[in-house]
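**Student:** Here's a structure for you.
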Amino acid sequence: MQEVKKPRKPLIYYYAIVLAVLLLFNFLLMPWAAERQVQEVGYDTFIEMTEKEEIGQVQINQEDNEVIFTNKDGDKIYKTGMVEDPGMTERLYASGAKFSGQIIEQMSPVLSFILSWILPIAIFIGIGQYMSRKLMNRASGGPDSMIFGMGKSNAKVYVKSSEGIRFSDVAGEDEAKENLSEIVDYLHNPAKYREIGASMPKGILLVGPPGTGKTMLAKAVAGESNVPFFSMSGSEFVEMFVGMGASKVRDLFRQAKEKAPCIVFIDEIDAIGQKRDGRVGGNDEREQTLNQLLTEMDGFESNNGVIILAATNRPESLDPALTRPGRFDRRVPVELPDLKGREEILKVHAKKVKLDESVDFNKIARMASGASGAELANIINEAALRAVRENRSFVTEADLEESIEVVIAGYQKKNAILTDKEKRVVAYHEIGHALVAAKQNNSAPVQKITIVPRTSGALGYTMQVEEGNHYLMSQEELENKIATLTGGRAAEELVFHSSSTGASNDIEQATKLARSMITRYGMSKDFDMVAMETVNNQYLGGDTSLSCSAETQAEIDRQVVELVKKQHEKAAEILADNREKLDQLADYLYDRETITGEEFMNILNAA
Ligand code: ADP
């Protein structure tokens, strides 16, 4: 989309004017004035200048007992006291000085006073007047209402343009698109809605994890409806001075009303829309900005054609006054894409790169489970970069697979040297995971196992691929997952009779899973369907806080340990039962460093 920004004189422009005036005053006017001033010198200087024939004009004031004289060029005026000096007149005459009958023109004291006092004061009063006029204007909400542009909204305005983002550029997210296409229809044909008395929602809140295409959707609404699009981030409203943010909100809405019908998009609205709490010394500036936003949203008619879209990934932190009907009265969830969505997003972005025709997008989408739209776009780009690095003119499936690994685990570490023993331990660890996963019916098949160290610190990993979408997970599946996670350590214990630090990440994940099963999914006998934990930050990492008594906490801890222990034992048992295969596979992996799921299954299923 074409971006048009209003030209704005930056603050530095005004400072530059003040500086220029001061410099002019100091470097030009003052020396000039100083030159016009009479310089007082000693009589010896006078004699010396006479001897050197440097005196131009001279005037002797008998009454004041002084001699005033100039240099040869006449641009400097000197004064000295009269001394008994009988030969002075002759010497002066001989040196070629002219005796002036007139008084040498001195700068009048009045002019000197004006230059050194009145002029600077006048300049500063002038600047002061200018600023106060701006302030008055601002108070009255006039068009010129910002001091030095500080309260200007600074919103980026995108105007209609043929190359704007369309709904077709946003892959997946069908529910969100359906919801928003109503807005597009309204902007095209408001009369249809007005006739029946229906009014459009004033504000629509797009909520979802980062990188799922919220900004894209907002731009697509503007692109589809061919109206101007104002875009601003919540944090841009927050200023150092109290009241500035509010002024920016006013300015934004004023501009929007002028351009209606149009779309105003506020990204990361939680920066200003956070719940106002009763804390003493809270953030005044933010609260004022929020209040102004609430007032502005109340202040315009719902049918005037200004639609406000806002995006956030922390909907729970928003002030209830903001989300009530009449303000942001519609909430559109923009979730992480499912398998089909991921495939479509990959295809949309793959159009931008040259691709080998045999690429199986479904497989790539399955490998990238849990990735957001932004991550998928990144995967495609990483793959293209890898193709360039390897001097190929198109991207292959292997590039895509490698770039998923880069996004998950970082780049391959070129110079990490493992000892032979370490490499063997890592090989057993990874095969441990894969074997436990494969032997449990419900675990996803293994795609790839590698023991090439990665920059993320992983010494090896087992990549599992989901067959399809998983919306629900049964207790058994979760337990199997924990068993798979403990499989690595179990293999080390079985073969080397010792533990290594390599399992720290597995331990963390297994604990988290076991904890959720007990505190949130109601999968323990003792607690039945009681929630012990609440999730605070659904879209950003999902931190939890406990809501139970200290005794219950202790009991939860005990049950978590019990659950993990049981699965650990199960994993150990599976590995012990398949000890021969374990050794065989670990040796194979040790030699090859990277093996595919297929090779793994072939060895496992071989007689
Ligand atoms: P958000 O605002 O939700 O954090 P953005 O809309 O800024 O995310 O998306 C970031 C980038 O991710 C986009 O520029 C686009 O390349 C890619 N992207 C995200 N979701 C999608 C999608 N559904 N279809 C196509 N591209 C997407």
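Going from the start of the chain as shown, residues are counted 1 onward.
Cβ coordinates are placed from backbone N, Cα and C, and glycine is handled just like the others.
The active site feature in TrEMBL is assigned to Glu430. What TrEMBL lists as ATP binding site is Gly208, Pro209, Pro210, Gly211, Thr212, Gly213, Lys214, Thr215. Look at TrEMBL and you will find His429, His433, Asp506 tagged as Zn(2+) binding site. Summarising the annotation, TrEMBL assigns domain 'AAA+ ATPase' to 200-338. Residues or ranges marked as transmembrane segment by TrEMBL: 12-34, 110-128.
Map the listed features onto the structure and describe their local environment.
**Tutor:** Applying an 8 A CB threshold to same-chain residues 6+ apart, the list for Glu430 (active site) reads Ile449, Thr450, Ile451, Gly460, Tyr461, Thr462, Gly488, Leu589.
Taking Cβ-Cβ distances under 8 Å and a sequence gap of 6 or more within the same chain, the neighbours of Lys214 (ATP binding site) are Leu206, Gly208, Asp267, Ala311, Val334.
For His429 (Zn(2+) binding site), the number of other Cβ atoms no farther than 10 Å from its own Cβ, over all displayed protein chains, is 27.
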**Student:** Just counting, how many other CB atoms are there within 10 A of the CB of Thr215 (ATP binding site)?
**Tutor:** 20
**Student:** Near the Zn(2+) site, what residues other than His429, His433, Asp506 in the same chain have a C-beta no further than 8 Å from the centroid of the listed C-beta atoms?
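**Tutor:** The surrounding set, listed in chain order, is Glu430, Gly432, Thr462, Leu485, Thr486, Gly487, Gly488, Arg489, Ala491, Gly502, Ala503.
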**Student:** Could you name the residues, excluding Gly208, Pro209, Pro210, Gly211, Thr212, Gly213, Lys214, Thr215, of the same chain that surround the ATP site, i.e. Cβ within 8 Å of the Cβ centre of those residues, in sequence order?
**Tutor:** Leu206, Ala311, Asn313, Val334, Ser372, Gly373, Ala374
**Student:** Going by DSSP assignments with H, G and I as helix and E and B as strand, what are the residue counts for the domain 'AAA+ ATPase' (200-338)?
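**Tutor:** For the domain 'AAA+ ATPase' (200-338), the helix, strand and coil counts are 59 helix, 31 strand, 49 coil.
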**Student:** Starting from the Cβ of Pro209 (ATP binding site), draw a 10 Å sphere and report how many other Cβ atoms land inside it.
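**Tutor:** Summing over all protein chains shown, Pro209 (ATP binding site) has 17 other Cβ atoms within 10 Å.
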**Student:** Using a 10 Å radius around each Cβ and all protein chains in view, which of these binding-site residues has the most neighbours: Gly208, Pro210, Gly211, Gly213?
**Tutor:** Gly213
**Student:** Write down the Cα-Cα distance for Gly211 (ATP binding site) and His429 (Zn(2+) binding site), rounded and given in Å.
**Tutor:** 34
**Student:** Which recorded positions from the set Thr215, His429, Glu430, His433 have a C-beta atom lying less than 6 Å away from ligand 1?
**Tutor:** Thr215
**Student:** Fill in the CA-CA distance, Thr212 (ATP binding site) to Asp506 (Zn(2+) binding site), as an integer in Å.
**Tutor:** 28
